[in-house]
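Listed in TrEMBL:
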type: DOMAIN; residues: 45-444; note: domain 'DUF7657'
type: DOMAIN; residues: 536-674; note: domain 'DUF7654'
type: TRANSMEM; residues: 38-58; note: transmembrane segment
type: TRANSMEM; residues: 154-171; note: transmembrane segment
type: TRANSMEM; residues: 178-196; note: transmembrane segment
type: TRANSMEM; residues: 249-268; note: transmembrane segment
type: TRANSMEM; residues: 280-302; note: transmembrane segment
type: TRANSMEM; residues: 360-379; note: transmembrane segment
type: TRANSMEM; residues: 386-407; note: transmembrane segment
type: TRANSMEM; residues: 427-443; note: transmembrane segment
type: TRANSMEM; residues: 455-476; note: transmembrane segment
type: TRANSMEM; residues: 511-531; note: transmembrane segment
Amino acid sequence: MTESTSAAPTASGPGTGLRARYSGWVEPAPTGLPRWRVVCALPVVLSFAFVLLVSLGITGSSTGAWWRFFGTGTDPDLLLGAPREIRSDEWLVQSSWVISQVQQGFPLFNHTFPGGMDASVQNDLPVWDWSALFRPHTLGFLVLPLDQGMAVRWWLPGLSLIAAAYLLLVTLMPRRPISAAVLAGCFFLSPLIQWWFLPTTIWPPTWAFLSMTAVIWAVRDPRPWVRILPAAGAGYLAVTMVMSIYVPFIVPAALVFGIVAVGVFVQACGRDRLGLRRAAVRLVPLVVAGVAAVAVIGLWVLTRRETITALLSTVYPGQRLEATGTVDGHGLVALFAGPFDESLTSGGTVILGPNASESATPLLAGLFLLVPLIYFVVLDWRRDRYLHWPMLAVIAGTALFLAFMLVPGWDFLAHLIFIDRSPATRARMGLAILDLLCVALLVRRLDRPGTRLPWAVSIVTAVLAAGSLVLVWLTLRSTSDPGLVNAEHWKVLAVLFVFATFAFTRQWVGVAAAALAVVALATGGVVNPVYRGVFDLTDTAVGQQIQDVNAPAPGSWVGIGDFAPTGLLVQSGVQAYNGVQTYPPALMWQQIDPTGQYEYQWNRLANVGWTPGVGAPVVQNPARDQIMVTFDSCSDFARDHVDYVLTTTPLDQACLRELHDITEGPTEFWIYGVDK
């Protein structure tokens with residue numbers, strides 16, 4: 001990446017002195033990289049914000065969704081927005097298991113399910129184990145109150161994502177730290193990030209941004225410590241990312257990094273005149289960090305091989321593979337529907353996806369900036385016989401992800417590069433990362449002295465962006481999709497989106513970033529609530545009653561009903577047959593299904609729930625991630641293994657005796673004992 005940015009502009013007038021001081025402050029180092037004061041500016045601000053938010057226990061968690069089960073009136077801890085029940089992986093699954101770990105004292109094996117479940121694999125739970133050192137977002141639970149620990153878990157990955165995106169952007173646009181900060185915020189606020197907001201989904205793009213920054217710094221700065229520092233951070237985050245085991249987002253992030261790293265390296269060998277040997281030597285710290293990360297990950301896998309084998313052996317997700325070319329016409333429309341994603345918070349849509357999370361897409365302004373990037377690649381080759389390898393890498397990477405989504409028939413190759421481990425809706429993460437790179441590379445190229453794009457290129461770019469939104473509008477209108485009505489401000493947001501793509505091509509970077517920020521705030525910034533603390537079910541009246549019943553005579557529980565009994569039992573830390581299993585605990589299913597008749601039904605990552613029935617347990621799958629089991633209190637299973645039943649409906653079974661009837665908020669709960 002040899003282009004130097006334009007010299008600081010000269011001007012006269014009242015603001016000349018201020019502009020001159022700012023230009024001097026953002027003046028890059030002789031290497032072309034930003035100076036440390038620019039590099040550290042936003043991370044310092046984010047650090048203060050992190051301390052403040054953690055101190056107040058403020059998060060974007062949707063645990064307030066429990067209020068409708070246990071409260072009346074307005075939730076006093078809901079400061080802004082609304083909890084999103086569709087984000088059940090966050091508020092129902094992971095947050096409940098976190099509280100379960102708190103109740104049990106952070107064991108390596110959580111003992112809610114009979115036989116236990118490894119808490120250090122998936123769900124990112126706090127544990128007293130060496131692997132917790134590589135899950136920094138869980139460390140807060142070990143030393144802070146629950147509310148503050150949850151705030152650390154929420155904000156550390158999120159603010160790290162903004163910081164990492166900023167580092168990459170300001171590396172490519174060293175004179176534009178404000179625009180870099182705004183664009184990093186836009187990425188953070190994009191609907192794709194906000195609807196999928198979890199540490200497991202945030203760390204992959206964070207790692208990709210930091211790792212690409214490390215490669216660029218390595219080939220640009222000869223000082224060893226400058227190359228070592230970002231390399232060490234990238235190696236550490238690689239371990240953090242892999243320990244999350246969320247492959248659908250890890251693969252796109254890794255592919256983007258690999259493609260862009262090759263482009264940067266080839267550029268350094270040739271145009272930057274480092275040569276192959278010197279460029280390779282510059283990357284030694286990053287390679288060492290990678291080897292160290294692989295060693296740590298290998299040790300982690302080796303010490304948890306039984307758990308990981310069980311996880312990979314499940315029917316779902318198992319080793320789930322996606323065929324190439326699975327995106328149909330509606331899926332293509334959904335890809336361009338970012339400015340319409342306001343609808344996902346106010347009633348939803350039908351054709352853009354089965355639910356809000358699956359419908360969410362990044363704001364792909366950079367996708368249309370491929371037009372000017374291709375123009376510059378062709379221009380540089382014709383004029384100087386110069387290939388801009390990073391631009392080519394971004395173009396090739398975008399083509400790869402689009403081909404995976406749209407072009408069938410190359411499954412074998414897709415399997416070789418692992419892209420088929422990511423469903424098409426998750427592969428959007430790769431496009432989101434590349435999208436930000438498109439913006440940065442175009443701005444960097446335009447910042448070269450004397451560089452201007454022909455108006456025709458700018459107009460074509462804007463027309464294509466507008467055409468994509470017209471396609472979305474026509475599709476929603478022709479199908480009478482509610483998304484068009486629910487996206488109340490789509491016209492304004494569409495205009496701002498198209499204007500942003502046009503403004504980037506005219507080098508109006510600050511204005512373009514501001515326009516895109518408005519779109520991001522309207523579509524993604526309103527997704528998650530502003531919530532104080534954690535809705536802890538152990539503090540409810542029924543939660544306290546469970547503890548009072550279980551304390552003098554500990555036993556095993558079954559919960560019957562909707563989400564509430566499952567959440568209560570998991571969070572209470574008692575032994576129970578309810579909850580989301582990442583893999584099937586052998587002892588539990590041996591007790592429920594001793595013959596293995598229903599192994600296909602229970603050998604999966606799924607929520608385990610119960611419903612009244614007759615006779616031995618019958619296991620069914622209402623959905624691929626749901627396990628529903630029948631419960632008869634007079635069955636051999638119940639009499640041998642179950643002591644208590646928690647339900648939201650009264651049960652008339654001969655072998656049950658009512659212990660307590662508790663009404664809390666709008667919900668009535670019954671606790672029964674099982675007669676032996």
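Placement of Cβ uses the backbone N, Cα and C atoms for every residue, glycine included.
Predicted automatically and left uncurated, TrEMBL annotations should be read as such.
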Practice task
Please work out which recorded stretch in 249-268, 360-379, 386-407 has the most C-beta pairs separated by under 8 angstroms from the transmembrane segment (178-196)?
Solution key: 360-379
Completion exercise
With the cut-off at Cβ under 8 Å and a gap of six or more residues from its ends, the chain residues touching the transmembrane segment (280-302) are 131, 134, 211, 214-215, 218-219, 222, 224, 227-228, 231-232, 234-236, 238-239, 242-243, 265, 268, 274, 308
Problem - Interface-richest range of 360-379, 427-443, 455-476, 511-531 toward the transmembrane segment (249-268), CB pairs under 8 Å - result: 427-443
Handout entry: Top Cβ-contact partner of the transmembrane segment (154-171) among 360-379, 386-407, 427-443, 511-531 (pairs under 8 Å)
Key = 427-443
Problem - Within the predicted model, mean pLDDT of the domain 'DUF7657' (45-444) - result: 96
Handout entry: Folded-back contacts onto the transmembrane segment (427-443), same chain, C-beta under 8 angstroms, at least six residues removed
Key = 165, 168-169, 172-173, 176, 179-180, 183, 187, 190, 192-193, 201, 204-205, 208-209, 212, 248-249, 252-253, 255-256, 260, 322, 335, 361-367, 369-370, 372-373, 376, 390-391, 394, 397-398, 401-402, 404-405, 419, 504-505, 507, 509
Completion exercise
Beyond a gap of at least 6 residues from its ends, the CB atoms lying under 8 Å from the transmembrane segment (360-379) belong to 186-187, 190-196, 334-339, 341, 344, 353, 387-388, 391-392, 394-395, 398, 428-429, 431-432, 434-439, 441-442, 445, 453-454, 457-458, 460-462, 464-465, 468, 497, 500-501, 504-505, 516, 519-520, 523-524
Practice task
Using a Cβ-Cβ cut-off of under 8 Å, list the residues of the same chain that are 6+ residues beyond the ends of the transmembrane segment (455-476) and lie near it.
Solution key: 329-330, 333, 336-337, 339-340, 349, 351, 365, 368-369, 371-372, 375, 483-484, 490, 494, 497-499, 501-502, 505-506
Completion exercise
Across the domain 'DUF7654' (536-674), DSSP yields 40 helix, 47 strand, 52 coil
